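Structure first, then comments.
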Amino acid sequence: MVWIDYAIIAVIAFSSLVSLIRGFVREALSLVTWGCAFFVASHYYTYLSVWFTGFEDELVRNGIAIAVLFIATLIVGAIVNFVIGQLVEKTGLSGTDRVLGVCFGALRGVLIVAAILFFLDSFTGVSKSEDWSKSQLIPQFSFIIRCFFDYLQSSSSFLPRA
């Protein structure tokens, strides 16, 4: 194994450790909260921006409205996440929650590594290095990356269909 393999293992292990500490429920709610924040900010900023009459530039008003909605949604999500996390601890499900959290964290780590490997391969010369070709773990991620791009090509209007 080369240093790239150890870095891959470290990313997956760190993601798993974070999820072990936080638990599945908190990790999943955090992910949902971020998705909701993007949704709320992108769909409702026009309703809030009309209240920022102190700013003449529409771009500034919209930017402030997006930021306010995004941050407010994250705050509300954090409060909900905290309350539900406390509920999970009080019900005695924290052991199961943490085991599921490790699984969630490992999956997230694998997806993060796949994304990093894709960008390193596509936009840098790292993929031409000797360590890249000697890596035992990098070939294992080609399946994930290939499946993702096959899905994108079949579902995206931006990419030509095969």
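From the backbone N, Cα and C atoms, a Cβ is placed for every residue, glycine too.
Long-range contacts of the transmembrane segment (1-21) within the same chain: residues 27, 98, 101-102, 104-106, 108-110, 112-113, 116, 131-132, 134-138, each at least 6 residues beyond the stretch ends and with a Cβ under 8 Å from a Cβ of the stretch. Sequence annotations record features per position, and here Swiss-Prot assigns transmembrane segment to 1-21 (among others).
Residues of the topological domain 'Cytoplasmic' (22-31) grouped by DSSP class, helix first, strand second and coil last, total 9 helix, 0 strand, 1 coil. The topological domain 'Cytoplasmic' annotation in Swiss-Prot covers 22-31 (among others).
The transmembrane segment feature in Swiss-Prot is assigned to 32-52 (among others). When Cβ-Cβ distances below 8 Å are used as the criterion, the transmembrane segment (32-52) is approached by residues 58, 60-62, 64-70, 73-74, 77-78, 80-81 of the same chain, each at least six residues removed from its ends.
The topological domain 'Periplasmic' feature in Swiss-Prot is assigned to 53-63 (among others); the stated evidence is sequence analysis. Under DSSP, the residues of the topological domain 'Periplasmic' (53-63) split into helix, strand and coil as follows: 6 helix, 0 strand, 5 coil.
The transmembrane segment annotation in Swiss-Prot covers 64-84 (among others). Here the transmembrane segment (64-84) has long-range neighbours at 25-26, 29-30, 32-34, 36-38, 40-42, 44-46, 48-49, 52, 55, meaning same-chain residues at least 6 beyond its ends whose C-beta is under 8 angstroms from one of its own.
Residues or ranges marked as topological domain 'Cytoplasmic' by Swiss-Prot: 85-98 (among others). If one looks beyond the topological domain 'Cytoplasmic' (85-98) by at least 6 residues along the same chain, the residues whose Cβ comes under 8 Å of a Cβ in the stretch are 20-21, 23-26, 29.
Under 8 Å from some Cβ of the transmembrane segment (99-119) lie the Cβ atoms of residues 8, 11-28, 138, 141, 144-145, 148, all in the same chain and six or more residues away from its ends. Residues or ranges marked as transmembrane segment in Swiss-Prot: 99-119 (among others).
The feature topological domain 'Periplasmic' is assigned by Swiss-Prot to 120-162 (among others). This prediction places the mean pLDDT of the topological domain 'Periplasmic' (120-162) at 87.
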What counts of helix, strand and coil residues does DSSP assign across the topological domain 'Cytoplasmic' (85-98)?
11 helix, 0 strand, 3 coil
Which sequence positions outside the topological domain 'Cytoplasmic' (22-31), separated from its termini by at least 6 residues, show Cβ-Cβ distances below 8 Å to it?
77, 80-81, 84-85, 88, 94, 97-98, 100-101, 103-105, 108
Contacting positions for the topological domain 'Periplasmic' (53-63) when only residues 6+ beyond its ends and CB under 8 Å are counted:
45-46
In the same chain, which residue numbers or ranges, 6 or more beyond the ends of the topological domain 'Periplasmic' (120-162), come under 8 angstroms Cβ to Cβ?
1-5, 8-9, 110-111, 113-114
